[in-house]
Amino acid sequence: MASHKPLACSVSAFFFAASLVSAQLTANFYDKSCPNALYTIQTAVRSAVAKENRMGASLLRLHFHDCFVNGCDGSVLLDDTPTFTGEKSAVPNNNSLRGFDVIDSIKAQIEGICPQVVSCADILAVASRDSVVALGGPTWVVNLGRRDSMTASLDTANNDIPAPTLDLSDLTKLFSNKGLGTTDMIALSGGHTIGQARCVNFRDRIYSETNIDTSLVTSLKSNCPKKTGDNNISPLDASTPYVFDNFYYKNLLNKKGVLHSDQQLFNGGSADSQTTTYSSNMAKFFTDFSAAMVKMSPLTGSSGQIRKNCRKVN
């Protein structure tokens, strides 16, 4: 996601079909082993988002960037050590991903009631859902039972997380390589209805491109100079930046996509029709977004572990 998954978010490691995911995971996985897990996560997320609205988008994006790299396995949460290189320093993540402290807090609370039972990967998956709900978006059933990876991949993070400069054909191919269709790609991009983007990720668009609303250009330039301010942030959806709705798509119809990759969804190409539908039918967007979220690939079975601390392998 750009600086917000939200999304200066696009998507990239959803490997298995929903039916396969469902066969591996169950929604009631912790009902007996940690019955208060989901309530604990929900309460903490609601509190974090109430304290800072932006955190909802940050947690959603954090989950996306985890899933982009070898599945939703909590690898993005691992810190670098003298003998281990994680994914936090990858170009799409460095000075960009946030919300790690919220996940740490939730993990500590859950460890206090159910030691080494609930995976960090599952906490992040549930927190992203609860973040969307807290900001007015749809809910969906999060199947549970993921395990935490013991490895990470800086190279994969650098290569597989979609860049905000991609054209429609590249986005479509990237999603397709991960088992996601065009419908999934366009729906998941709607995560950009919340969150912020860094100046460095849209500077070329506002100073070089023409398929962009002039009033938006003026507004964005005021916070994104040509040579400085790389980390200055602007909302991906200036209309309702802290509400999960379909204004992202309405904005695209008016050439108000902040990122190059965003505007590609309404630029005279094959994505125009679906984008137009979402702009006038929020229920359809919510349904498709929820369905696409369910497709994310887990790490289950004997692979991995249940970390005691999300930042390091046991």
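Every residue number used here counts from 1 along the chain in the order it is shown.
In case you wondered, yes, glycine gets a Cβ from its N, Cα and C as well.
Predicted automatically and left uncurated, TrEMBL annotations should be read as such.
The signal peptide annotation in TrEMBL covers 1-23.
Among the features that TrEMBL reports, domain 'Plant heme peroxidase family profile' is placed at 24-314. Summed and averaged per residue, pLDDT over the domain 'Plant heme peroxidase family profile' (24-314) gives 95.
Taken from TrEMBL, the feature disulfide bond covers Cys34-Cys114 (among others). Cβ neighbour count for Cys34 (disulfide bond): 17 (other Cβ atoms within 10 Å of its Cβ, all protein chains included).
Marked as disulfide bond by TrEMBL: Cys67-Cys72 (among others).
Annotated disulfide bond per TrEMBL: Cys120-Cys310 (among others), in sequence order. A C-beta separation below 8 Å, combined with a sequence spacing of at least six in one chain, links Cys310 (disulfide bond) to Gly74, Leu77, Leu78, Phe100, Ile103, Asp104, Lys107, Cys120, Ile123, Asp148.
Feature annotation from TrEMBL assigns substrate binding site to Pro162.
Its own atom aside, the Cβ of Thr193 (Ca(2+) 2 binding site) has 33 Cβ atoms within 10 angstroms in the protein chains shown. Positions annotated as Ca(2+) 2 binding site by TrEMBL: Thr193, Asp237, Thr240, Asp245.
With a 10 A radius on its CB, Cys199 (disulfide bond) counts 22 other CB atoms from all the protein chains. Taken from TrEMBL, the feature disulfide bond covers Cys199-Cys224 (among others).
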Taking the Cα atoms as reference points, how far is Cys224 (disulfide bond) from Thr193 (Ca(2+) 2 binding site) in Å? 20
By CA-CA distance, flag whichever of Cys67, Pro162, Thr240, Asp245 among the recorded positions is nearest to Cys114 (disulfide bond). Cys67
Using Cβ atoms only, which residues of the same chain lie under 8 Å from Thr240 (Ca(2+) 2 binding site) while being at least 6 residues apart in sequence? Thr193, Phe247
Any same-chain residues 6+ apart from Asp245 (Ca(2+) 2 binding site) with CB under 8 Å of its CB? Would you list them in sequence order, or say none? Gly136, Gly137, Thr193, Met282
Compute the mean position of the Cβ atoms of Thr193, Asp237, Thr240, Asp245, which form the recorded Ca(2+) 2 site, and then list in sequence order the other residues of that chain whose Cβ is within 8 Å of it. Ile194, Ser239, Pro241, Val243, Phe244, Asn246, Phe247, Tyr248
Here the Cα-Cα span from Cys34 (disulfide bond) to Cys72 (disulfide bond), rounded to a whole number of angstrom, reaches 21
Would you count the other C-beta atoms found within 10 angstroms of the C-beta of Cys67 (disulfide bond) for me? 30
